[in-house]
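Asker: This is the structure I have questions about; it appears just below.
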Amino acid sequence: MVQLKSFYLFIISMVLQAGLFPMASREWISYGLFSLMTLGLGLFTFAMAGNKKRQTTNSMKGSRELMWLRLKKNKTAMVAMGVLIFLSYLTVLAPFITPQNPLDTDWGALSQGISTTHWLGTDDMGRDIFARTLFGIRVAMGIGVTAVVLNTLIGTFLGLMAGYYGGKTDTLIMRLLEVWNAIPFILLAIAIMAALGTGIGKLILIVSLSNLMAFARIIRGSVLTVKEHDYIAAARVIGISDAGIIIRHVLPNCISPILVLASLSIGETILVIAGLSFLGLGIQPPMPSLGGMLANGQQFLHENFLMSLVPGVTILLIVLSFNLFGDGVRDALDSRLND
């Protein structure tokens, strides 16, 4: 389906934003990300427009095309998606939008207000707030999407194994996940950071492993329902292997809860990333992060409130947009299932 494939291109470009951040100032990197994102968005927009004269038949009900049609009718979700697309392009084109480097310091403009040189002022070390915010958004969204993708893959695999095989396999997987889920997240983050050190890769690992229980539990419940259907028994009778049954028959019928949970998890994950950076456990200085900027700015609320206001409002906008879009995806899929 064109919509889904083009959306994958857009997601891949978001993931690359995190992995290529150390080279983000190089123009060819920004050009590449811009081209990939534009290709995905262009195909997605063309497919979403579709043929308005196409009729929705009974055979089309339950299809992904119908889900996209319902999603397009949700104006709130479309506005949220538009905001996210705008922010994505803004971060990819950051090196061309502002001439300021987010890591450069201007000792002659410490805690400066809004000016023609520094559009949102500077922080206590003379670094441009606007440039740091743009690159902070890039890191937050890139890491957030990457962590959710990994979380989805691992959690879905565990849920499929637990639900399909049942018995001791189910008990072992779910008990281990319950023990893992019982460990306080902050304590887990401190332990992993102490053992492996800091960095974007470690942060992605920590965040991606934090919500495995939710994915595994929901997928397990869906699998327990799907595997009781007659076509699963028929597939076993004709000799299809367990792997073939899971991939061809079970997993496709679990896509809806996977999409809903993944879309709703991105905003929460970005908030967790900002929280870890705020506590000094996430992205380390001098690399810009929204949580780190917020933590640094709280010391200068009276002298320069923009140091806290800008990253705080940005976090709110990103998380709210992802949550509203996730709600739209959930409503579209729920409507499809209830038809």
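The backbone N, Cα and C atoms fix where each Cβ goes, and this holds for glycine too.
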Asker: For which of the residue intervals 176-202, 257-283 does TrEMBL record transmembrane segment?
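Answerer: Checking TrEMBL against the ranges 176-202, 257-283, the transmembrane segment one is 257-283.
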Asker: Looking only at residues six or more beyond either end of the transmembrane segment (257-283), which have a C-beta under 8 A from one in the stretch?
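Answerer: For the transmembrane segment (257-283), the sequence-distant neighbours (Cβ-Cβ under 8 Å, at least 6 residues beyond its ends) are 139-141, 143-145, 147-149, 151-152, 156, 185-186, 189-190, 193, 198, 200, 203, 206-207, 210-211, 214-215, 218-219, 222, 289-292, 294-295, 315, 318-323, 325-327, 329-330, 333.
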Asker: Looking at the transmembrane segment (77-97) and the transmembrane segment (304-325), are there 3+ C-beta pairs under 8 A, with each pair at least 6 apart in sequence?
Answerer: yes
Asker: Apart from its near flanks, which chain residues at least 6 from the ends of the transmembrane segment (135-160) lie with a Cβ under 8 angstroms of it?
Answerer: 11, 14-19, 21, 24, 84, 87-88, 90-92, 94, 102, 173, 177, 200, 203-204, 207-220, 222-223, 246, 250-251, 254, 258, 261-262, 265-267, 269-270, 273-274, 283, 287-290, 292-293, 311, 314-315, 318
